[in-house]
Amino acid sequence: MVDDIQVEKREKLIETKDKLLEEKLSALDPHEANVLRSQLETKRVATSFFRLFRFCTPLDVFLEILALFFAAVHGAALPMFTLVVGAIFNTFRDFTSYDLKGNEFQHKVNHLSLYFVYIGIGMLGSAFLESFLLVDRGEVLAGRYRKHYLSAVIRQNIAFYDKLGGGEVSTRIINDTNSIQEAISDKLGNVVQGIASFIAATVISFASQWKLACILLSAVGFMVITMGTGATFMAKYQLRSDAIYSQSGATVAEEALSAVRTTVAFGAQPHLAVKYEKVLDRVVKESKRSSYSLGVMLACIWASTFWVYALALWQGSREIVSGSADVGKIIVVITAMLLGSFQLGNIAPNVRFLVKGLTAASILNEAIDRVPVIDGQSIDKGIVPQTKAVGRIELKNVKFRYPSRPDVLVLSDFSLEVPAGSTVALVGASGSGKSTIVGILERFYLPLEGSVTLDGQEISDLNTRWLRQQIGYVQQEPVLFSESIYENISYGLIGTDIEFADEHVKEAKIIQACKDANAWDFIQTLSEGIQTNVGDRGFLLSGGQKQRIAIARAIVSDPKILLLDEATSALDTKSEGIVQDALDKAAEGRTTIVVAHRLSTIKDANKIVVMSKGNVIEQGTHNELIQREGPYKALVDAQRVTKAKSTNVEVLDIEALDISPLDSLNEKFNPKDVSTLSVHSAGTQTTQPPEYQENDIPGVRNPPHSTLMTNTKLVWGLNRKEWGYILIGSLASIILGYCYPAMAIITGQTTGSMVLPPSEYGKMRHVVNIMGWWYFFVGCISFMTAFITIAALSLASDKLVKNIRLALFRQLMRMDIAFFDHKNNTPGALTSILAKEAKMIEGLSGATLGQIQQSLVTLIGGIVTGIPFNWRIGLVATSVVPVMLVCGFVRVWVLTQLSDRAREVYERSGSMASEYTSAVRTVQSLTRELDVVVKYTKTVDSQIFSSRIAIARSALYYALSEGMTPWVVALVFWWGSTVMRRGEASVAGYMTVFMAIITGSQAAGQIFSYAPNMNSAKDAARNIYRILTATPSIDVWSEEGYVAPEESVRGDIEFRHVNFRYPTRPQVPVLQDLNLTVKKGQYIALVGASGCGKSTTIGLVERFYDPLAGQVLFDGKDLREYNLNALRSHIALVQQEPMLYSGTLRENILMGWSGPESEVTQEMIEDAARKANIHEFIMSLPDGYETLSGSRGSLLSGGQKQRIAIARALIRNPKVLLLDEATSALDSESEKVVQAALDAAAKGRTTIAVAHRLSTIQKADVIYVFSGGRIVEQGDHQSLLELNGWYAELVNLQGLGEI
């Protein structure tokens, strides 16, 4: 368990990093500080309400105004019929005073009731148009926000991303745009309705009796002040809450999910869960403050409504006595203002959504309005030469610091000249500034001083888009997009004449690039050839195949400049040799700058530049530098491999060695070949698994579908600790809900007394005075219950969202690796579920739950109250309620269909945004910014187009439910007059029923207005239920299994007849009858082509997967017999691509510790760092071990990240050390030191090393050569050389020339 003090320390460090950064900037020269600030600064944007509509076209403005007009008509219609009510009450007065006969009374009431029917028709039409136009435009405008935000973010300079959390962009583009969509859709309509209703009520009241209207209006000022103050505080705390989650919580989740293999290998789930929970606690703290603000605001509005009406009725009775008003006018004023204030009060919950929308828009607008200091998307900024670049590059006296690390000088007075058409190699230690040179040439960053020119022209004066289109750029870690191979390579043609050429011409160019990059042969073996989809981040291809596709993409445009940042580092030896030949050929006539650790790849460079700490310490050709016997000679000696005595070996076909998950797709799949091992201590019995289905989730026993009951159990189960808050809040909401029916009784008695003849005015005044005190009492009750309802239920809701997010996070950390291989479970999609869908559960809890309970009580209470006062009128009025409910239910069903389609599209668009922004360097180097936005736009627009019919259906059923209210009123008055004519009802009883039914009908409408929230919550609950109830096949939570005593663990490993296929690709054999033995303390190496099964072997030892047949044994026991956590505690893994987490360097190293953190001393941490050759570097940093690593270690170089990862493995003191290309990212000097440390650390431990650099495994006890999932050779280095076979050829291909 992680110590809370350390977690709090980390949180404090992250919170103050901006302040610390500013302090470091202030210590620099003002000019340098300004250059660095310009790359980082984002100005705070104050977003007004009207800026929510900043992306409206003239048509959008017209439709929005039209929609708001219909919303206003809809809102004003309800108070309008109070004029009819007043006329009817005067008719009642005349009837009770015998001025009207029965038939005449009936005829007059029937005539007046028809006006309610007309008003209902008007409300139905206006409600339909309002709902359809607002929801449709809301979806359109939110889509535009999504597109503009992605467009703005993807064009920002790279320093902007150095401060950005890994999951922040995807969270913003899903969560925040969804908040904007809610704010400008039906919630805005509800606000306009409320305002229009109140204004109409006020106008009618003043026109009827201005003195009484003035008294009622006195509450408006108080309400406005209350709402304004409440909204201000809500916005403040909501902004804090959203910012905390997006910047910290989403980043923790995204990093954990993206690096899930590292996370589970080191058992880091508890640490990350604590880290995540701390962020969620801070989110709850700010959300609670926002909820309290809402509670106070609503309580004041409720109470003021009752108190003002007590005064109004008292004053109204006085006006009647004085003869300045009749009962009809008094009823008009009271009823109009009652309905108007009711609508005004209902604005408050909707204001919360407006505040959230404004808060979200202000955050998005910061990025949208930010003008990047380096803009690669602009086509008109800077000089655009009319011809291609020649390729002469020169850097003079360049000084450089990274904006996020201003206290570290990276380049100091650096100068380099690269003649056109020449090849220059940059070598040196990690962190010496090699990759920085590439970043400056690509204009990812700005130099502080000095000159950088291309063909004599300052690159800062050139158009950045044009500049990048002159460069072919291949990074150390190949980045492919989840599209076809053809599309991935075609992105290299952006900006060329061929980009929009005939497809045949374009395809020929792409195919030639594939051939030049040695990729065409393996592409032809794929089932769909060049149209094969490479999968998320290219996971369906091996590392070498991905790199060759990336190289083809870089050279397809025939650029004049090639920047190769470790371009062949991911290739196996055989592939590297052939691809290097292709690159050497491609470099002819081009300016090529190569950053290299493998010195065998740059022997033929025209100039080799040796760098150290940002300076050139040596330069010359390979032979010249060898003869000087300086730093370069030492690097060469460190990489030299003992060569085979004879090179007379048959040349092997590279494709025979290079196997990827897709290479065997043409092979017919026989389900009988796939079997699952029954868990026995010995033997290899197999059982037949069910046939693989596309929708199944690999590695997971899929749960049953969720139902209303399961959703309820889910919510209650995760919220049961807050049952006290829920109980108190529910009781308060029930009491609050009955306040309106109680007011119907009070109003009925009051208005009944007001139709009394003048001779009984004394009785009227007495009744009014008593009822006034009841109003005051009910107002006090509503104040307390409204605050308690919002405060208690919102707190429970905030805790529920926290619990769901934490439970989801822990469950995701529990899932086995096969789960994450599934196409639907990308890091972007899962981060979206954590951010958005967990939040949507509020639709079944919190303020929404309180409003629903309150509305139900008001509806039922209105019926229960009305019927006893006059069952004849009450039953008829109540009979219409089921019709309204049916309309509401149908609307919910339509919304369900709409939400299902929208969720699928927005999850996909969220994953797309996450993919593009996480590969921003690749996107910008390819000048894909506009192309990315176009593709994203198509995805978003497809949802908007497909959802319009569903939106129209939803609007129709909503309109029907709204139009029913005046029709119910017409029915009540028609039937009521009939009953009164018969002498079976009094005015007081009739008015009580009327008021109870009116408020009840409105309550039913309120229930339906929450249908979108309830529907979204239901969909979210279904997805959450799917994950939370899934049980992984390899369960890290299981406490079952053998736990070996520490002293008895040896570290023997054995593979017996192991067959394996990945669950998501069961037709592709990966390991076939693999037999391999590793004894305690042995150092064995696995070599071979990319995709031949080496890393899969590592994964099976870690038990990321189980074999389909055969056994993997640890100390003689099948891995499946062990307790999983206990097993992994004896194993440490260092992967090819180092994955670090946001936090300090100390925390990242401590991730490897498997025991209590309290047992770890600083000396132990430093010792692990020294062994990994990283301690001195850490101590050179101003903050030492407390230095923040940045998102995914973005503030460190590749070699530095890898050494932190090695230190993380060594502090674990494992019995088994798994090294999957552990030194591939290190320079030769560091590699030699680290390899010596690893060799020392391997003593007494079982070590399995996957290696392409054969120099690192010469001393291995046994070397296994893999091909096609089988072992084709085994032995030590010397014996394999003597065989003069597969291994000998790999050695000869990798050796450097003789000195």
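Backbone N, Cα and C define each Cβ position, glycine as well.
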Recorded membrane side (Swiss-Prot) equal for GLU23 and ASN870: no
Listed stretch, out of 393-638, 727-1016, 1053-1293, that has the most CB pairs under 8 angstroms to the domain 'ABC transmembrane type-1 1' (65-356): 727-1016
Spatial neighbours of the topological domain 'Extracellular' (976-987) far in sequence, C-beta under 8 Å, 6+ residues away: 88, 92, 95-96, 102, 105-106, 109-110, 113, 751-752, 755, 870, 872-873, 993-994
The topological domain 'Extracellular' (86-114) - residue tally per DSSP class, helix then strand then coil: 24 helix, 0 strand, 5 coil
Intrachain residues whose Cβ lies under 8 Å of the topological domain 'Extracellular' (870-874), provided they are six or more past its termini: 863, 972, 975-976, 979, 984-985, 989-990, 992-993, 996-997
Spatial neighbours of LYS434 (ATP binding site) that are distant in sequence (at least 6 apart) but have CB under 8 A: LEU426, VAL427, GLY428, ASP565, VAL595, MET611
Average model confidence [pLDDT] within the topological domain 'Cytoplasmic' (236-293): 84
Most Cβ neighbours inside 10 Å, all chains, among the binding-site residues GLY428, GLY1088: GLY1088
